[in-house]
Amino acid sequence: MSTYCNSVICAVGPLGPELSPIKLISHGIHSCLFLQRDEDGSSVRGTLSFDPTPDAQVLYKAMKGLGTDEQAIIDVLTKRSNAQRQKIARSFKEQFGKDLIASLKSELSGKFERLIIALMYPPFKYDAKELHDALKGLGTSEGVIIEILASRTKVQIKEIIKAYKEEYGSNLEEDIKSDTSGYFERILVCLLQGERDDPRCYVDSAMVLQDAQALYAAGEKIRGTDEIQFITILCTRSATHLLRVFDEYQKLASKSLEDSIQSETHGSLEDAMLAIVKCTRNIHSYFAERLYHALKGAGTCDGTLIRVIVSRSEIDLNLIKAEFLKIAGKSLSTMILEDTSGDYKTALLNLCGSDK
């Protein structure tokens, strides 16, 4: 474990009535119950009568000769699960001796190409690619790194670290350390340790109060801020525990922890802390907010739009869409229709599914 994250993990105690399993589900938090795939949350489920051979043939025909049949590519790849797409890629290679991703890249371009290629990566490799691009591009894309590390589970983070090493031959933690600094570096490295998951769903009430008092003492009660105390508690406690801490903090400070974070910190550190709190309270609302800010105003943040829709389409995108409607006052599909065009728009709408 990193030296940044060597504090005590939350102790075991009885689960209070205010955090019953029903309430945990309603929060959408990623401790015990959130880790499971939401039965009604996925907008892409693949096809039941699946055979990769004809799908690979359709794709080959769509890219053969002059011109490209983009609609055929959309019809196949947006209506198959990621596992099915991997089988299609293998069948494509076996039948035609070509790499499917390389073929798609040679035929497509722009945002549509970016979306289709994103669909072809296995989930952990896709997250690893997004992190690598965020770290190794021109400047560091802090928002991408925060989004991925704050929202993924311990198991997912371990797999992402492994995929990053396999794909790029370097250590993700070391790359983060070389591209970031200060407390922001510390919170990212701490998140990489994946200490927030606690499948037992038990909370020690005494430790909840202790953590709430420690956070209050580290921020509102003193001049300046003890950032390490905030980082330690937010990054090493389970979501069930943190929800109780948030409630106790509100009683002590007469304001939400989010309000205190905004007044006590700034920049990327503030963004990272707020992302952890939001993902703990309601991860579907967090992603809905990410999508809303990607679409609203002049221009579209296509990187965020593609990443969230692709990475959540088989997990909880339908639940994110419900939260999006509350935030935006209109459906995700409506805003995509307004802000995008062409094959890119068609593919995004297919992945989002119906608004019903």
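From the backbone N, Cα and C atoms, a Cβ is placed for every residue, glycine too.
Look at TrEMBL and you will find Gly297, Gly299, Asp339 tagged as Ca(2+) binding site. Note on Gly297 (Ca(2+) binding site): other Cβ atoms within 10 Å of its Cβ, all shown chains, come to 9.
Report note: the Ca(2+) site is defined by Gly297, Gly299, Asp339, and the residues of the same chain whose CB lies within 8 Å of the CB centroid of those residues, excluding them, are Leu295, Lys296, Ala298, Thr300, Cys301. Neighbour density at the Cβ, taken as the number of other Cβ atoms within 10 Å, is lowest among the binding-site residues Gly299, Asp339 for Gly299.
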